[in-house]
Amino acid sequence: MTPEAKCLLYLLSYLPDGFSNSVEMLKKVNDYIPQFREALKILRTVALAQIEETHTSSRIQILSPIKHVCSGLKDLDLYLEPMLAFYCDLMHRYSAPSDTQAYSIITPEFYNILHILQADYEKGQSTTTSISATITWTRWSEFLGRPSDILIKKAIKHCEDIDLQGTCYSVLGDVLTGRNQLAEAEEALQKALTLHKQSDNLLGQAIDLGILGDRVYVHRKQWKEAEEAFQKALELYEQAQNVNGQANNLGGLGYIYTHRGQLKEAEEALQKALELHKQNQDVQGQAGDLHRLGYLYMQRNQLEEAEKSFQEALVLHKQIQIVQGQTADLEKLGDIYMQRDQLEEAEKAFREALGLNKEAQYVQGQAFVLEGLGDIYIRRDQLEEAEKAFEEALELNKEAQNVQEQAFALGRIGYIYMQRDQLAEAEKAFGEALELSKEAQNVQGQAFALGKLGDIYMQRDQLEEAEKAFGEALKLDKEAQN
């Protein structure tokens, strides 16, 4: 066996998913490792490497026992640098997850790239090229629903460039918001903002502020702080003449105004955002604006206009293959059909959304849709099916560590028990929902649970406990309105 074949054997043992056998990828990697094809031919001749065919891909693999022996040697010296360069260039070339070709190339190599970048960080001499690749890989991890901070934290430690380190902190903050670690996310984003100010990076500052507004303050319902962040970001994007950034932040402002009941201002902001996204040919941005307009029309009870907006958003999300966008549109269409008592159409929309979420392995999305299906079953008086749907949603919300949605699912389960006159089980469910709402600092959720507990105590003629529960619920309702 040649030295090149031996090194390729070590490399393939290190890559968790083998390597692509596509003509395009073999041609690309041969530019970085000229002996790759010749070495592979030798490995296949002596039966150390084989081709595994599936209905979606063809991969070069080595047998598990050989892999186990070789992986312990970790002799990657000859091929680590060229393989790192190959994957870094791949990340640079295919940085946009919404691109269909990029998706088909990066997804099968996702964990291979992780392992090669980790090996580079272990050497302790990472370059700006590998740090930039780490930033792109981390964004891909979010897009694929597998948000990971494992590499970006290593990048922050190794990065000496202030501006690039700011971008690393910004990406870390974005990942943490996806995990609902909002305090840690805010801290990371504030660090990013400080570093981008030091390096006079206007776009970097604008991006940091946009994430703070959209992913932290809006999530906490801190509308004032969110509006300030979006307004500052908008000014910076205007200064930098970045049309897409302006459009995104106008969309964010429109969302805030909608939730404040400032529907006229909201519609103006969203229509302006839509025009700018059209001007910039940003299909994903247009879909987001149409979704938000649909929600606005729902607040006005303009259900026909809302349905039209969500249908248009759905077409665009399908066009660019954004699964989460499609499911969000379908869920809202389901809500509209529910309001119209079109339960068959609502169930169809929710089931389509559920299928997409399962296919994409979006746990939280599955939970949301199951809650919608549970409400349909309640409307049909199919309490057994409703209970099953909400129990499944509860387990998924636990898996997603979403405390607020766990409380919601328990509240619906409690309602089902009340319909069956199972008051002990209902009391337990609402009691758990109350504790979770406290943990999530959800005042409205606490008030709802207390109100239902009051109803249970009334049915039992426990008037003192009922009065206490209703009194606490009333106090919380007033607090929520202020």
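Backbone N, Cα and C define each Cβ position, glycine as well.
The structure displayed is predicted, hence computed values, not measured ones.
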Coiled coil per TrEMBL - which of 239-266, 379-406: 379-406
Long-range environment of the repeat 'TPR' (247-280) - Cβ separation under 8 angstroms, sequence gap at least 6: 206, 210, 213-214, 218, 221, 223, 226-227, 230-231, 233-234, 237, 286, 288-290, 292-293, 295-296, 299-300
Counts by DSSP class (helix H/G/I, strand E/B, coil) across the repeat 'TPR' (407-440): 30 helix, 0 strand, 4 coil
Residues of the repeat 'TPR' (247-280) by DSSP state, where helix covers H, G and I: 31 helix, 0 strand, 3 coil
Integer average pLDDT (0 to 100) for the repeat 'TPR' (407-440): 96
